[in-house]
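Comments concern the structure below.
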Amino acid sequence: MLSVLYVDDEPGLLDIGKIFLERGGNLVVDTVLSPLQALSLLTESTYDCVVSDYQMPEMDGLEFLKEVRKAWHTLPFILFTGKGREDVVIEALNNGADFYLQKGGEPRSQFAELEYKVRLAAERVKVSEELRNSQRMLEDLIDFLPDPTFAIDLNGKVITWNRAIEEMSGVRKSEIIGQGNQIYSVHLFGEKGPLLIDHVLHDFPETTAMYPTITKIGNKLIAERYVPMLNGGTGGYLWLVASPIYNSEGTIIGAIESIRDITTRKKAEEDVKTAYEQLAAAEEELRQQFEDLARNEKQIRDSERRLNDIISFLPDATFAIDLSGIVIAWNNAIEEMTGIDRSEILGTGDFSYAEPFWGCRRPMLIDVVLRSNLSIENHYKKLTKKGDKYFSEMEVPHIYGGKGGYFWFTATPLYNSEGEVIGAIESIRDVTDHKREQDELKAAYEQLTATEEELRQQYKDLAWGEARIREDERFIRDVFSSIQDGITVLDTDLRIIKANPAMNKFSKDGTSVTGLKCYEVYYHSSTPCEDCPAIRTLRTGHPAHKIIKRRGAEGTVGSLDVYSYPLFDSAAGKITGVIEYVRGITDRLNTSENRDSGDENPNSLQ
């Protein structure tokens, strides 16, 4: 509903006008008898439109219009008068009146026309404001893009020049907006000529000479280019992407180009290529084999390190109990391993979780965590403890319907936010095939040690190392993909370079989050969260943890439990990224709050 201020020195006409204008239910009309009263009221209340008579004793309509425009530049103003002189109409429109409407005629149709003009003027202001807001939002979005970005219209004039390209070129936005004639090419590359962005709008043959290759994907053009003036005159490589800009009707109205400095990446590629060529030309076959062995041994160490980083906090088959020994968690992997559905075992106690493994109810490794004085050495012959974690491995005869298998066991306490033990968790991994392979490899190694010379043994080590690499990498992929919670690998810029399928649930439409930054996924933000655990890990080299509030476009949408672990390059001795583990805990936190208020059984699953 629109609010209207109606000004006229004739009370009768004000009353009639108010009745007719409010009759449709679309307008609310306040009436005053003089412009001075109207100006006072405008400072106290907000109106969508002003309707004014022309001839009034204190101040005529044109003078009133000029006063309104001094303070309220966009407020719709309609001159509604019996004076129909052409010079009055022209002066009113020149001074910012939205419409001029002459009194007279049948009141119903006259005020219907006035109501239409009021609604039309208010709608024009609303549309104009929405357009300005939309344009400002688009400018802000482009301005905060990390890559240097600019755009031109169909006449080649610059319409957008973001902060990143200001830093790259040294040219401020205010200095180049509206400039054309390909002046931007001089600021960016030191010479005037058509760029990739111009090639989007027009086919410039000379453009192809400036770029070694131009790839077209859909309506996008992608190219690389060496720029001698880049990096303080030392030169560098740029990766460029340009595409058309369309209006709401699908018509091309300009083009946009994004630029990225890939000098470091190109140099690394060239260094690797040069090193490979030098080694291939200079070294004999035996030395090359030794080099291959050394590289494979490093890959084994790196692979095992990555595996340990993940497995240390994300086991396969997992279950948990509370302090009373009641089962509070039973994941999908342990369902598949035991054939026991979680609905059958959650809430049970008295060592019920041991039956699928041992054929009877008896303590397991998880019980030692909660009762350190419990003696189970007769059950676990290989039992070790590191900190508050217990480890063991042994053969389990009753699993898989009596088929049995060889397993690794890990158990550790569960803590609440105050650091109090509230239960325990145990992970179990079937390593039957791995154990058999180890035994076979050990026997083969012992036999070869006694019969084969050193060179053949080195070849054997090479083959064994390659098999281990493939096995570990396949195992990592399988573990990575099967984990139900979110796992990401971030580079030092917090960009997601690898993510398991479970992470897709955190994206807007369920698609891959690879290539996005973590705070774009969890916060829909352009900056990292406060006290980001990944940043802490990159800074300290130690694991970090934080419970965060996930935000979507409409605000907070839940809570996430986030753990971060460092990734090390053992050869370089530095952190190369972060493994981040994300678990949704909204339901658990809600349940905890209900329990604290007395609505939940204190022994229920958190």
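Glycine is treated like the rest: Cβ placed from N, Cα and C.
Remember, TrEMBL labels are computer predictions, not curated facts.
Of the listed segments 431-461, 524-554, TrEMBL assigns coiled coil to 431-461. The helix, strand and coil residue counts that DSSP assigns across the domain 'PAS' (134-179) are 21 helix, 9 strand, 16 coil. Of all Cβ atoms in the shown protein chains, 23 besides its own fall within 10 Å of the Cβ of Asp53 (4-aspartylphosphate). Each residue of the domain 'PAC' (223-274) gets a DSSP state, and the totals for helix, strand and coil are 12 helix, 26 strand, 14 coil.
For the domain 'Response regulatory' (3-118), the number of residues in each DSSP class (helix H, G, I; strand E, B; coil) is 55 helix, 24 strand, 37 coil.
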